[in-house]
Amino acid sequence: MFNWFRRQFGKDNTAPESAPPEGAEVSPELAPEVIQAETESPSEEDSQTTELAAPPPEEPSSDTANPDDYLQWAKAAYQNIQARKAETVSPPESAAAITVEAGIEETAEEIVVAPESDQATATEADLPSPETEITTGPAWLQKSDRLEALKETAVEEATVAGTLTAESMAMDDDFMWSAKVLAAQGRSAADVSAEEIDWLRKLRQGLSKTRVNLVNQLKSIVGQGPLNEAAVEEIEAILLQADVGVEATDYIITTLQDKLREEALPPEQAIEFLKEILRSILDRPLLSLPSAEFAPEAEGLNVWLLTGVNGAGKTTTIGKLAFMAKQSGYDCVIAAADTFRAAAVEQVKVWGERSGVPVIANPGQNTDPAAVVYDGISAAQSRNVNLLLVDTAGRLQNKKNLMDELAKIRRIIDKKAPNATVESLLVLDATLGQNGLRQAEVFAEAAKLSGVVLTKLDGSAKGGVALAVAQQLNLPIRFIGAGEGIEDLRPFSSYEFVEALLNG
């Protein structure tokens with residue numbers, strides 16, 4: 001099982017902890033050109049298997065590697081992905097559908113928490129089915145719920161169509177770029193999965209709007225030697241348009257200017273140096289932390305609070321995180337504590353069904369969010385799960401109310417689960433740019449934030465806001481979203497982000 005939370009990043013890293021797949025008996029017709037290139041005796045099935053399971057001998061470890069090495073690495077990775085696909089034959093569609101439906105029904109039944117104290121706790125009898133809830137209440141609420149349900153259905157249909165699988169994968173330009181990024185991080189071709197290739201493809205495409213406006217203009221400027229005043233002003237304008245922010249822009253220009261005074265760099269080398277600057281900005285908030293890794297602790301309960309303004313994608317992020325946690329081998333529960341926004345609880349339940357994760361909710365109106373969190377902790381403890389995800393209200397009308405609510409939730413957690421590892425993540429809409437950053441400053445004051453989840457990168461030309469978050473708020477980017485699908489949220493890698501931003 002591939003653990004997305006503990007996936008290792010960074011240039012020249014060793015292979016990840018997850019063990020490489022066992023050697024597969026690969027049919028020559030899967031990738032004949034690779035077999036002929038890498039085996040001296042193609043007729044020997046065992047020798048083919050051994051060579052495919054082991055890393056190719058010429059795996060590149062840096063951007064200076066020979067392009068032919070990357071090509072061989074990509075071919076080997078492609079062949080291994082296809083070999084694993086051949087090993088695991090998919091069940092018939094009807095059986096798969098039955099399994100999924102059964103899982104969803106079982107999940108719906110699990111939205112039950114037995115009361116453990118005087119706190120009000122939701123029981124199965126109290127929780128009407130989604131159909132019942134949508135048909136009760138005022139007409140305006142019914143209409144709102146129906147719209148939310150239709151919206152979620154539309155997103156789900158779009159999700160399936162946009163996901164790349166081993167069957168639909170081709171060795172196209174996206175695959176070659178993704179393979180090069182993975183190889184440059186020291187990854188083994190035997191360890192690469194179709195899911196990783198698919199994610200890097202989406203990240204590259206998601207940052208294309210920012211990249212088109214950024215790279216070509218920068219190359220034409222930085223390749224002309226030391227920066228004069230006109231060049232500085234032009235670079236400043238380019239970076240600010242990408243919402244890099246004033247502080248980060250000043251730092252980038254100063255550092256780049258100092259370097260170009262020392263030596264004249266051709267455009268490609270200047271861009272490589274610019275990549276180093278950007279990575280240093282993104283990684284700086286991690287320097288003061290004990291570990292750069294952000295993953296649920298294997299032992300004990302982890303409580304992750306998700307905060308952010310309405311419309312930033314907070315509830316959607318909850319569902320995607322739950323799905324990723326389950327895929328990575330963690331047991332997870334969601335607490336629907338956003339009781340302020342209409343239909344928020346219903347939206348969380350839809351995402352819970354999709355991800356196959358139980359949702360703890362209170363069907364009453366104007367429920368105390370802290371009571372829902374209490375019930376969520378009780379459910380997590382009784383089921384011995386690793387991770388509790390808490391959806392909180394996205395309010396900025398009154399900072400005092402926000403601070404009071406978050407403080408009350410933290411008190412409940414400290415009392416009910418004193419040994420839990422508590423993290424607070426801010427969900428930020430990348431399309432808002434600097435406006436979103438100002439909202440983030442309010443949440444940073446109200447909550448002890450552990451990091452930021454940057455969403456909607458696929459619809460924005462303002463991907464530079466990630467640099468502004470790191471520079472101005474000194475907050476690490478923990479996860480990024482580049483699509484509407486349930487698999488389109490992944491842990492953040494400064495190396496992969498910068499490569500997609502400047503070298504895509």
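Backbone N, Cα and C atoms are what each Cβ position is placed from, and that goes for glycine too.
Copied over from Swiss-Prot, here are the features:
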type	residues	note
REGION	1-71	region 'Disordered'
REGION	116-135	region 'Disordered'
BINDING	308-315, 391-395, 455-458	GTP binding site
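Locations of recorded Swiss-Prot features on the structure.
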residue: Gly308; record: GTP binding site; DSSP class: coil
residue: Lys314; record: GTP binding site; DSSP class: helix
residue: Thr392; record: GTP binding site; DSSP class: coil
residue: Leu457; record: GTP binding site; DSSP class: helix
Which residues, sitting 6 or more apart from Thr392 (GTP binding site) on the same chain, put a CB under 8 Å from its CB?
-> Leu305, Leu306, Thr307, Lys314, Ala337, Asp338, Pro369, Glu405, Leu406, Ile409
Could you tally the C-beta atoms, other than its own, that fall within 10 angstroms of the C-beta of Lys314 (GTP binding site)?
-> 28
Gly308 (GTP binding site): tally of other CB atoms within 10 A of its CB = 27
A correct count of other C-beta atoms within 10 Å of the C-beta of Gly311 (GTP binding site) gives 13
Leu457 (GTP binding site) has its Cβ surrounded, within 10 angstroms, by a count of other Cβ atoms equal to 27
